[in-house]
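Note sheet for the following structure.
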Ligand code: C5P
């Protein structure tokens, strides 16, 4: 990248946004609008100021919608799974540090992003996560209350997740070779036996999956945008 040893690592934000949004039922999720902006545009707006480039994985034949930030943002075609989309993004960029963030999590506080970026650059792998607050129970065969699970020490994993690019690429290639599918990237790195730092996330980083989540997002957008202004 032509940088000296003392310059900050070249950092890319990689946004998997190639999901079909089947559970939400409004077409590809990244294009759904809350408070007048697409989910993708909101994620790009949060990430772009803190990185050198932004690469987005889009559904096949989909064009990059208006997201701003000019030449800093480019798109690649995603794959049939989230994992395949992230691998396509990794192959398309040559940054030192990559920050992976789901387009489906449009409310990304700057301080969480900063903390994940620093932890990833220093420790190789980090994810935003929240200590579990609810009581956890495993269902029984009748789908009734089965066994209680202690919540102490349990975290719900969010994005952004940050990695040295080489670490994450190796984790993806090993997963591909072993036929392993994971719902996130930190899980693939942990599978290699490497440490993943847990960085305190934020309740507003919830993932929009169901119509109820979308309603919540539309309500939150008003407050979020007023604070941002
Ligand atoms: O489906 P889910 O909500 O877990 O998707 C998480 C993120 O991964 C979303 O931002 C979605 O657009 C993205 N994704 C992708 N390629 C796929 C499936 C999901 O980029 N094939």
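The backbone N, Cα and C atoms fix where each Cβ goes, and this holds for glycine too.
Per TrEMBL, the features are as follows:
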- 23: site 'Transition state stabilizer' (SITE)
- 29: site 'Transition state stabilizer' (SITE)
- 151: site 'Positions MEP for the nucleophilic attack' (SITE)
- 207: site 'Positions MEP for the nucleophilic attack' (SITE)
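Distance between Cα atoms for residue 29 (site 'Transition state stabilizer') and residue 23 (site 'Transition state stabilizer'): 9 Å, as a whole number.
The Cβ of residue 207 (site 'Positions MEP for the nucleophilic attack') has 102, 104, 105, 158, 213 as same-chain neighbours under 8 Å, each 6 or more residues away in sequence. Straight-line distance linking the Cα atoms of residue 23 (site 'Transition state stabilizer') and residue 151 (site 'Positions MEP for the nucleophilic attack'), rounded to a whole number, equals 28 Å. Most Cβ neighbours within 10 Å, among the recorded sites 23, 29, 151: 29 holds that distinction in the structure as shown.
Classification of residue 23 (site 'Transition state stabilizer') by DSSP places it in coil, neither helical nor stranded.
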